[in-house]
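Sharing the features that TrEMBL gives for it:
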type	residues	note
DOMAIN	13-92	domain 'Core Histone H2A/H2B/H3'
DOMAIN	95-128	domain 'Histone H2A C-terminal'
DOMAIN	163-239	domain 'Core Histone H2A/H2B/H3'
DOMAIN	242-274	domain 'Histone H2A C-terminal'
REGION	262-298	region 'Disordered'
COMPBIAS	270-279	compositional bias 'Basic residues'
COMPBIAS	286-298	compositional bias 'Acidic residues'
Amino acid sequence: MASGKRSKSTGGKIEKKVTSRSEKAGLAFPVGRVARLLKNGNYAQRIGSGAPVYLAAVLEYLCAEVLELSGNAAHDNKKHRITARFIQLAVRNDEELNELMRGVVIAEGGVLPQIHSEILPKKTSAKSANNHIPTEKPEAKWVNLDTTMAPGRRSSGKVSASTQNVSRSHKAGLQFPVSRIHRMLRKGNYAQRIGSGAPVYLSAVLEYLVAEILELSGNAARDHKKTRIAPRHITLAIRSDEELAKMCNGVTISQGGVLPNVHSDLIPKPKGKKVHSKAQRPPVQQDDDEDGYGSEEY
């Protein structure tokens, strides 16, 4: 008897198990989807049958390599979850992957730390760590594990009121409204998709710029003996700073005025309390005897 099953719908023919192209090639990446993307992309007039299989194999190898290095980075940082930061560290620390992704920007990946070796804390030797005898019993660390509650939770399991309404700005430690900026990014249709970290980063940049401009504007207002920052002071602050002037090159500030371009010789010199020099001292009246005419009478 045949090993396959016969059905009435197929006319008594043996049903064959459907095998995907990925399973035939022994890959986890979807070969059929890669082939469809190659066709829709119009990269060439004709695409060979082995091209999507080879591309899927290369992508799977790269993904496995990056995930392995990212897992090692997460393990070194004592974390159990791979984040974008660990992927960034894994890619930049590998010479070949760094060369491959030289112009790639990983969202929320951060930057590589450039710290001098003398500033890094020195690790204690293994002998000193082994010779250290703990004063407390190890059971003391696990005494209150069953009784401790998570922060912000009561014994009934309900979340306390202190952790219910926590804004995204408060979580990020910012003053600018992160949710409002996220809403404006969505309404602006700047891109099809917006990452969760984009509004937080944009809020941090805007807050830094505003703080910098306000500090320089306050200094300009103080120089003019004013207690209120006016648009004139903001203009002076921006145009006097090289980086801010370059960033706001084509920006016109309402009621900001123009920059004073006065020759240095025409600027009045500040009046200070100085001792009169010899040239500025009043002339001293001389006696008539010195002239030779005072002693005689005419």
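Just so you know, glycine gets a Cβ as well, placed from its N, Cα and C.
Are these features on the surface or tucked inside, and what are their neighbours?
Mean pLDDT for the domain 'Core Histone H2A/H2B/H3' (13-92) in the predicted structure: 90.
Residue counts for the domain 'Histone H2A C-terminal' (242-274) under DSSP, split into helix (H, G, I), strand (E, B) and coil, are 9 helix, 0 strand, 24 coil.
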